[in-house]
């Protein structure tokens, strides 16, 4: 099932939840809608499901306009953040619900329902809980039942609204891997909403980064992480260092550091910001001929294979502390200690000319 | 499961900051108990004492004489019409208020509370003003030979008016606490509106609904003020139980008055017991499944 979204907009009073959204979800793909709260990701999911109606725009399922199609006829499976299991029904009845409410002609008979529900409960590995009530289950178990319930009606699309948002960190990690595996087995077109960038990067085939009702970037986890389209995506995905500098005729300056910036050969003395990931910062004790920035070590966190250094720059190229990540071997080799003077240079750096520090990203 | 205390601390008396001294505690308890006995328990006992003062036979005669039976019948009829109507209205209103956003929602909420804030006598008078002989549609009613005031329909109307808030008031907070995600889930799974109401919404509110119905019924049967205005006090025709008590009392027929009153007191006691039993279930239903 392909989902296409054309020029979708939605207002809540004076708040713009969705601003001219265009998106295509490919068949069998697991797509993540990622963004901070208030970015419109949940609204978009609910519009796709039919739980909300957009002010303008279209939602197409397999090139068929379903903007005015009733929820019941959309054949979507929906998983809620807080599970929304029917509290007055047993687990078995919860999963069977979608089959039992079908019109008499399409309704499977009791043994068929029995078979199907048992099958689904085995799929989510909770068949031993069939006779319990939702309140007797843990959060992780409830969410797996919610998934089984959504799958019972054989939906053509599976929509998940922050499915692991209410769970604790350990269970969340387990369920993440489990969902990925389940999707690989079933290949059902799925869209899930999350504000957790790690979750999106780990689980999704493609990520849609949203902010203030707009799509900032669409791409594979690798693309959005390695080639963020703009400062917002950069700051939202992973740790990043921010530097202020200038761009002029194909060159960029950050303090004393000069970097080639051929893509900005036309630029005439523009102010710019530059982003560098902590693991893209090279740390050395001496200036070996190449340009570098002087800094001193404020704090060292040496747990695990990666050593994390907190550095303070000499000038004001960076408003905050600079974070660098180096390997343990490199750390031992340099024999670094707190207060030491070092020289840093970015291995890879992304420039965005003419951007104010934070805010007005567009 | 066996409950084994994990930490058996030494028997050092640990004092809780919110704990009052025994002296203060007992004074408060005693104060509350004596107040309750004086103002609630004593009258209740007095009702049954007075009713049975001249023995069982007189008591039974008082509550089985034709006028008393007519009053019982009318009270039951009024409740039998008012309670189901309020049940339907209460569910509909609570559903609308708790699950939807619409213009005029706060007005509807205030309107539901109106019978609580208006004196029942005023409520009765409003019906007299509308349906009475000199009222707005009184002449039209008389032409068509319909009587509402000083007749059974007026009593039913007045009863409905005073009991409107009970069920809706009970359901609104319960439904608001439960949210509408379960309904959304049901509809996405293909359930129709009626199936959603029947299989999801109603089972989730059944104890709250029962609780509201019990209170609504108690009020419907015990209402005096509003009914008194529209009734006309025609013995055997438009007298409800509480009106019958008043008439008997005014006729200095104390034993009969207390005998009939004891029926109402009995109803109150049954209501109290049911209410206590259901209350626990309501609390359970509210807390269960709330993102715990």
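Keep in mind that glycine also has a Cβ here, set from the backbone N, Cα and C atoms.
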Q. Pick from B:1-21, B:148-168: which range has transmembrane segment per TrEMBL?
A. B:148-168
Q: Could you give the residue numbers and ranges of same-chain residues that sit at least 6 residues beyond the transmembrane segment (B:148-168) on either side and whose C-beta is under 8 angstroms from one of its C-beta atoms?
A: 74, 77-79, 81-83, 85-87, 89-91, 93-94, 97, 112-116, 120, 123-124, 127-128, 131-133, 135, 138, 141, 209, 212-213, 215-216, 219-220, 223, 225-227, 229-232, 234, 237-238, 240
**Q.** Remote residues contacting the transmembrane segment (B:23-49) - C-beta distance under 8 A, at least 6 residues beyond either end
**A.** 258, 261-262, 265, 269
